[in-house]
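Each remark here refers to the structure printed beneath this line.
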Amino acid sequence: MSLTYTPVSDIPKIVQGLRSAFHAGVTRSLDFRKTQLRAMYNMISENDAAIREAVFLDLHKPPAELMIGESGMVKQECIDAIKNLDKWAANRSVKTGIVNKFDNVHIRKDPLGMVLIIGAWNYPLNLLLAPAVGAIAAGNTVLLKPSEVAPHTAALLTKLLSAYLDQRAYRVVNGAAAETSLLLEHRFDHIFYTGSGQVGRIIMGAAAKQLTPVTLELGGKSPAFISRDVDIAITARRLAFGKFFNCGQTCIAPDYLIVERGIEDKLIEAFKASILEFYGTSVQSSNSYGRIVNKSHFQRLKGLLDETKGKIVVGGELDEDNLFISPTLVLGVEKGDKLMEGEIFGPILPLMIVDRLVEGVKYVNQGDQPLALYVFSKNKKAIDYILDHTRSGGVVVNDALVHFIVSNLPFGGTGPSGIGNYHGKRSFDVFSHERSALIKSMGMEKLNDLRYPPYSEKKTRWLDWFLFDKASFGGKAAIDAPPSNTRSSNSSTVNGASSISSNPNGRTSSPALPENQHHKAAAKSENGNISHAPEASTATATTAV
């Protein structure tokens, strides 16, 4: 199945059609959204064979990896959204003070409008449709742009989406740089992009011109720390799975290892055993191992191996005609090595040897925050030290890759590895606007006299007492003195700081009411005050790692 690019002359009409459908309320009802989500689930379930074939043609992806990392995850997102949509979309009441006690104060979850989702080639089903589940559930109209680098999957999805989903609300545009650039000239209410940081900057720049918010799921060099106390066989097995899944073409694959000196030889041998267990004596003949997506990426990876100053100790076999690169480990890689410059995005795993893991922490912190970070250790202090002294989008201890499939964990980067996160309810929230709502009765107008001009000192003090909590902690600067005509207040001195004793509800004693204002105090509720959080106690222990 060949991929046909969308004529550029059609793009403005598609965009306008989606905008009109949103304003017409096509996607507003929860029943409509659930119907579309069921249709997406059925689309994947009923076309499993065709999806397998398309993704295999693009990436040689094994069916098990397709199910784990793509189709199974999207179906789970559909199930979760359908099951929880009524709760996710419901108005949420918020706690108020006495002034708004009789008002209807809540947060609405409104759809953003018309959104653009740009998928990626390495997981061409999941990274397009998983965010789309959130966009549909939230009530938006959606324009989907599959990656042209996975053309067979893009062509199939174009056909299936038009057959299963309501074309008034959900459309597909295919193309490359020219078509995407034209799309970005239009105003969307949100843009969700998965891909490289280089293109992410272009997306964000175009969005900024329209003041369009973005979610950017990017990547980076995700390190794996390995301490000398680990079970080496288990560590190698789990890392081999995480690194060589999808032939290393995963944004959260372990990009390089930071290994404590003394265990590297045993670790390499354990990797060899794991690769033999997973793929047999001939990795290229295994039906459980993928391929590089195209010759351009193959040449890029080959160039990294040609230029590294490290020593290839496992693998290193290449076959350009078959787009095959074997699972490869490179030992003795130093900080300035070619393999350490950018995200590898392939089945090549450098090993950086350090005397202490703290050296690795310093190295990681010299670069951009990665999308994922992995720690293999039995030492809780070492684990805590690494987690407390690094930053990353996500972290996994004693495993790799697996946090991606936990739908209740937000998935996303930080800094250059991404903006925003999604999965599960987070996907719904990404494409929703939290709209503050306060609905007030036209009655009881006399209660508003205090806030209307002409102002007076007495009014001002009463407004301050009604509207704002008073500090429960000591210190002169933190305490607002009550009006001079307060009924009573017991003062005391604690550690040299003057404080004012509070009523049981947390307020200081109330000012005396102005003439005929006593009914206002009667309306005051003990539950109308915001509870104060206890002071945080922080203690940072410096641990040698």
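Glycine is treated like the rest: Cβ placed from N, Cα and C.
TrEMBL labels come from automatic prediction, so no person has curated them.
The shown structure was predicted, so the numbers you read here are calculated from the model rather than taken from an experiment.
As annotated by TrEMBL, domain 'Aldehyde dehydrogenase' applies to 9-433. If you look up TrEMBL, you'll see Glu217, Cys251 marked as active site. Taken from TrEMBL, the feature region 'Disordered' covers 478-545. Marked as compositional bias 'Low complexity' by TrEMBL: 482-503, 536-545.
A sphere of 10 angstroms centred on the C-beta of Glu217 (active site) encloses 25 other C-beta atoms.
Averaged over the domain 'Aldehyde dehydrogenase' (9-433), the predicted model has a pLDDT of 97. Its own atom aside, the Cβ of Cys251 (active site) has 27 Cβ atoms within 10 angstroms in the protein chains shown. When the Cα atoms are compared, Cys251 (active site) and Glu217 (active site) turn out to be 9 Å apart.
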